[in-house]
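All remarks here apply to the structure that follows.
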Amino acid sequence: MAEPLAVDPTGLSAAAAKLAGLVFPQPPAPIAVSGTDSVVAAINETMPSIESLVSDGLPGVKAALTRTASNMNAAADVYAKTDQSLGTSLSQYAFGSSGEGLAGVASVGGQPSQATQLLSTPVSQVTTQLGETAAELAPRVVATVPQLVQLAPHAVQMSQNASPIAQTISQTAQQAAQSAQGGSGPMPAQLASAEKPATEQAEPVHEVTNDDQGDQGDVQPAEVVAAARDEGAGASPGQQPGGGVPAQAMDTGAGARPAASPLAAPVDPSTPAPSTTTTL
């Protein structure tokens, strides 16, 4: 758990004073070796560069420490003044241990100011309200999470089912485009004419059968006439069947009359029919 931020202005001021009171020793005198050999010459050449690091850098270190101590004192002063100002401002509303403020602080018109009304609300009451609100929302959040988890597989399944449909539509569109470009595709099915009902376009089966039978009935008498002519070849006209009467006028029933020719005179119904019996 993180500790609350707290600044001790008194301790900060004491640390700044201790830092500013540090005393640094004086740098030693430069070292010089007398002699003429090569070792003496090397020492006299190397030592000044080493000593200069201390002698030249020590004043800068002292100045930096002094500046840091001064900044620490300034920060401690700022913290102290800010704490005092906040304490004075809060003391005007007389905050106590219970968190209640004075209700007697009023505005110029005699009505409590908005700040007084806000500050007069107990802190414990606000905390209680927040806790109750969080307790009411917790069950709803807990109940919503499982529903979202259950709906996730359905969403994935729907996306998978939609993929084949999209592929089918794409293939159909490509086939239609290829048929339009090639110009040699299957002819579309022709719909029934809107002017003629479907019942009239389709001829009933029994009507077709009757028409076929009627055609066969028309052809059959002609065949009978041809056979009769073949059998009666070489016979006398009186002995030939039909006696020159058209085949349509022949009848095997007793008392039947030959059909009248369109050019023949009308026959009286009361006149008896001539006999067509042939004597052998």
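Positions of Cβ are set from backbone N, Cα and C atoms, glycine also.
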Which residue from S34, S70, S107, S193 is recorded in Swiss-Prot as phosphoserine?
-> S70
For the compositional bias 'Low complexity' (167-181), residues assigned helix / strand / coil by DSSP | 15 helix, 0 strand, 0 coil
Tell me which residues of the chain lie with their Cβ under 8 angstroms from that of S70 (phosphoserine), as long as they are six or more apart in sequence?
-> A16, A20
